[in-house]
Amino acid sequence: MLPPSRRDFVSLALAESRGYTNGKQRRQSCWRKWKQLSRLQRSIVLFLLALMLIGGFALYPSLSPQWGVEEHKEQKKQPFIIDVKDQGRPVLPEPRSERRGLRKRGPPALQNRLQGRGNSSEVRLKNAQEEEEGKPLISWHGAVIEAEQATDPNAKEKEKAVEPEDPSVLQLEESRLEAVREAFRHAWKGYKEFAWGHDELKPVSKSYTEWFGLGLTLIDALDTMWILGLKKEFEEAREWVAKELTFNKNVDVNLFESTIRILGGLLSTYHLTGDALFLEKAKDFGSRLMPAFSTPSKIPYSDVNIGKGTAHPPRWTSDSTMAEVTSIQLEFRELSRLTGDPKYREVVMEVMRRVHRLEGKHDGLVPMFINTNSGQFTHVGVYTLGARADSYYEYLLKQWIQGGKKETELLEDYVQAVEGIQQNLLKRSSPLGLMFVGELSHGHFSPKMDHLVCFLPGTLALGVHHGLPAEHMELARQLMETCHQMYVQMETGLSPEIAHFNTQADSIQDVDVKPADRHNLLRPETVESLFYLYRFTKDRKYQTWGWEILQSFNKYTRVDTGGYTSINNVRDPTSPSPRDKMESFFLGETLKYFYLLFSDDSNIINLDKYVFNTEAHPLPIWPQTD
């Protein structure tokens, strides 16, 4: 009997589904079919499976790069989504780092640097079409960065475009701006009632004091009223200037103080308003100051009689201070530009040329005094950024900016001076480790820092904005914190005129104040620097610090009947002891800088178009053709 015939092939039948069968039944059915196959059939199936597996491993290395490239191309093709319906505000796709729970923080410039170090497919934030067309590039959290800035790794720190704030933030901004306006109106009320047309108000005794007899507070406050939008008050002041102000008086004025307050105030108000009245007054006053430069050395005398046309040094010395002779240049240069008469510019630039060549500097730092007869430094060996020298450094930078960044000698002197400050005058306090600027006297370091030095953070930040080294901004931030602490560590929340910093390791408090230095004169320097730091960084802590200072001014210096008074003791909140004087710079500088600090509108005195003189009067940066 012959065995049944064997089929050496695989037969596959497709049957109609008869409903659901569980997995166990399917596994058993497959196993029975597998057992029913002959040995040869099972060997062929296993051989084919093994061959497919080996082929797959062999082909994978050559296929995987192509798959990766195709996937990367698909990613690059995906466009950014911009929702134009949300008030024109760009809406970014969610960054990959945020989808993974990693949130990168920082301003756009910092984010661009970080992105340059990472995976380009993961952090690319611009598309080629926008770059080619020169459109704004979208960056960090919806901020808009211009193409020139975003693609330049060494771009200077610029003012950031900020998304529209929510209503609560806008309401806070307006309430603070109104608080500054109210403070100005209160100060103006006292001046108008008790000191109208005179130099300075004595708010406690409801009287006034004269310095030059030229309505100093009124002229100093003109552009502040214009910037704050106080039209009624401005028109009152303009009428007085038109009808009452005359410079044909037999009176001595200090060249420096009258230039920065009166000449600077008139020029600034002319530029802001376009009113020729103020330019005519500025021409008259500027011409009357010219006799101060009639000296053997071309270094000007400190005092001028604007009625007689004569000038002289102080009665006790033939010296002038460095700040006096090198902080009048912005105003005289601008007067020449407006009048077409070069004589004003020539006399002040001759001073700068002579100082540039003088020996006696120490790493770019200058002594405090210069002799009007010999033209040489005196008291050599004493170097400070406080009184008598401070604005020399400020005006080096600002003249360079005013003139369109063409006068390299000014820039060289400024950069060298900053290096000199870093090498000779910086130390840290204890216990907080605050960076402060001391003084150097014949090789001996003194941890003394005037409040006047608090102009420096703002000046450093301004330099960085105009292209100077970025490390200047870090120094500005550290010094800004120090100036803030000069307020915070006082019981009234107001800074003393002079602070001494403790450097001993066992110190309890960083700031120490001698009894003779505890007065506060309503000075603007810290608020000025807060304004610059906020304008350039948009860090709202600087606004908060400024608001705290304004609150302290209102609490300890405000006089109920009108005006604000300087005080004698910032360490005694129960009896700060009013000095009965409101300096003109409180209206001309301090309140102006408060207003600019609290405003988020960078076009209110655009710092690419204006430069402030040392009395906070904005003057235009010259067009490139000048």
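In case you wondered, yes, glycine gets a Cβ from its N, Cα and C as well.
Owing to the predicted nature of the structure, the values given are computational and were not obtained by experimental measurement.
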Which of Cys30, Cys454 is the other half of the disulfide bond that TrEMBL records for Cys483?
Cys454
Listed recorded positions among Cys454, Cys483, Glu497 whose Cα sits within 10 Å of Thr614 (Ca(2+) binding site):
none
Can you give me the Cα-Cα distance between Asp390 (active site) and Cys454 (disulfide bond) in Å, rounded to a whole number?
10
Restricting to the same chain and to sequence separations of six or more, state which residues have a Cβ under 8 Å from that of Cys483 (disulfide bond).
His451, Cys454, Pro457, Ser495, Glu525, Thr526, Ser529
May I ask which residues of the same chain, at least 6 positions away in sequence, place their Cβ under 8 angstroms from the Cβ of Glu257 (active site, proton donor)?
Trp211
Which residue, of the recorded positions Asp390, Cys454, Glu497, Glu525, Thr614, has its CB surrounded by the fewest other CB atoms within 10 A?
Glu497
